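Engineer: One structure follows; several queries about it will come next.
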Amino acid sequence: MNSSKSPGLAGFGILRNTTCHTEKKISVFFSIIFMSVGILSNSLAIAILMKAYQRFRQKSKASFLLLASSLVVTDLFGHLINGTIAVFVYASDKDWIRFNQSNILCSIFGICMVFFGLCPLFLGSVMAVERCIGVTKPIFHSTKMTSKHVKIMLTMVCLFAVLIALLPILRFRAYQIQASRTWCFYKTEHVEDWEDRFYLLLFSCLGLLALAISFLCNAVTGITLLRVKFKSQQRQGRSHHFEMIIQLLAIMCVSCICWSPFLVTMARIGINKSRSKETCETILFALRMATWNQILDPWVYILLRKAVLKNLYKITRGCCGMHVINLHMWELSSIKNSLKVAAISESPVSSKHINLQPLSSTAQ
């Protein structure tokens, strides 16, 4: 019987002959730690976002706050739902035959894994595009990137992620219990059917595409900020440049390092049709790395800001005696400063003022 087309028995064949054994205490420890740290960090980020939104109700920050809030809320529910199911599976001694006769729990687990895996990647790419537009085209951003348009984009992103997650169910292809018996996903054991390979390649290609878009937009944003920094002689923009460049580097490094192993592993399984002996352990390691991305998202997007960097600067200066940039010149709002500096650098009035300034000094 083809288990991929039999929802009631899907994945149970792998339970009889599994080659992947995990230590229960270590696995439970990892699951509880990941879930707890993820929930705490994302809850803290949500509280900071709500406080910031109440204090700074600016039109230029509305889109950023909305996107950041959606990302943090998605990560929070991802840790809460997936972590709860994983802890329940460990508490039940991974006896799927006893509590998953109708394959409902495995289907829910697989849908949540795909949705909460792709949705943060999509939101991260949308945030990168929004930042790129805000820095390179501040006038267009202030007039076209309204809260209404951002909400439409968020709805489309969520619906697309839901469609990808429900695609196997709509095609009557059940999610599979993985070899470690701890989670459900697309079929990764003895992949021969073209449709099973298509799901793996679709997931990996969409994830890698989102990372590529984020990398490209963040690179353009960083180059633009550096060009504005070298062109502008105003001291007020320096702190913002350092802050944004640090955030962009952290975002790109964390996303690529955490998600690339899992996405590449899924793509390799879909291309090669079969797995090596180390693939089960490789998938578990890559999955835990991907989980860390959702833990670090709020710290990169929200908490890595002026207050944290200022304290790090004080500690570094006190320990090493290093003399770096003066952080007291930092402005309160990063996004407002970005739009202001970019608008001044592109404004013909400002350029005319800069060109006339040496003439006036010569005349004097």
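The backbone N, Cα and C atoms fix where each Cβ goes, and this holds for glycine too.
Remember, it's a predicted structure, so these values are computed and weren't measured experimentally.
In case it helps, TrEMBL gives these features for our protein:
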type     : residues : note
TRANSMEM : 26-50    : transmembrane segment
DOMAIN   : 41-301   : domain 'G-protein coupled receptors family 1 profile'
TRANSMEM : 62-90    : transmembrane segment
TRANSMEM : 102-129  : transmembrane segment
TRANSMEM : 150-170  : transmembrane segment
TRANSMEM : 198-226  : transmembrane segment
TRANSMEM : 246-271  : transmembrane segment
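Structural setting of the listed features?
Structural biologist: Under 8 Å from some Cβ of the transmembrane segment (26-50) lie the Cβ atoms of residues 65, 68-69, 72-73, 75-76, 78-80, 82-84, 86-87, 90, 182, 288, 291-292, 294-299, 301-303, all in the same chain and six or more residues away from its ends.
Residues 24, 27-28, 31-32, 34-35, 38-39, 42-43, 45-46, 49, 52-53, 96, 105, 108-109, 112-113, 116-117, 119-120, 123-124, 126-127, 130-131, 134, 141, 145-147, 149-151, 154, 181-183, 294-295, 297-298, 301-302, 335 of the same chain sit 6 or more residues outside the transmembrane segment (62-90) yet have a Cβ under 8 Å from a Cβ within it.
Residues 7-11, 64, 67-68, 70-71, 74-75, 77-78, 81-82, 85, 96, 153-154, 157-158, 160-162, 164-166, 168-169, 174-177, 183-186, 203, 206-207, 210-211, 213-214, 217-218, 221, 251, 255, 259, 290, 293-294, 297, 301 of the same chain lie 6+ residues outside the transmembrane segment (102-129) yet bring a C-beta within less than 8 angstroms of a C-beta in it.
The list of residues near the transmembrane segment (150-170) in space but at least 6 beyond its ends in sequence, with Cβ under 8 angstroms from a Cβ of it, reads 62-63, 66-67, 70, 107, 110-112, 114-115, 118-119, 122-123, 126, 130, 186, 199, 202-203, 206.
Long-range contacts of the transmembrane segment (198-226) within the same chain, counting only residues at least 6 positions beyond its ends with a Cβ under 8 Å from a Cβ of the stretch, are 114, 117-118, 121-122, 124-125, 127-129, 131-132, 135-136, 164, 167-168, 173, 186-188, 191, 241, 244-245, 248-249, 251-252, 255-256, 259-260, 263-264, 266-267, 269-271, 338, 342.
Below 8 angstroms of C-beta separation, residues 121, 124, 128, 186, 188, 191, 197-201, 203-205, 207-208, 211, 214-215, 218-219, 221-222, 279, 282-283, 285-287, 289-290, 292-293, 296-297, 300-301, 304, 309 of the same chain, each at least six residues beyond the ends of the transmembrane segment (246-271), sit close to that stretch.
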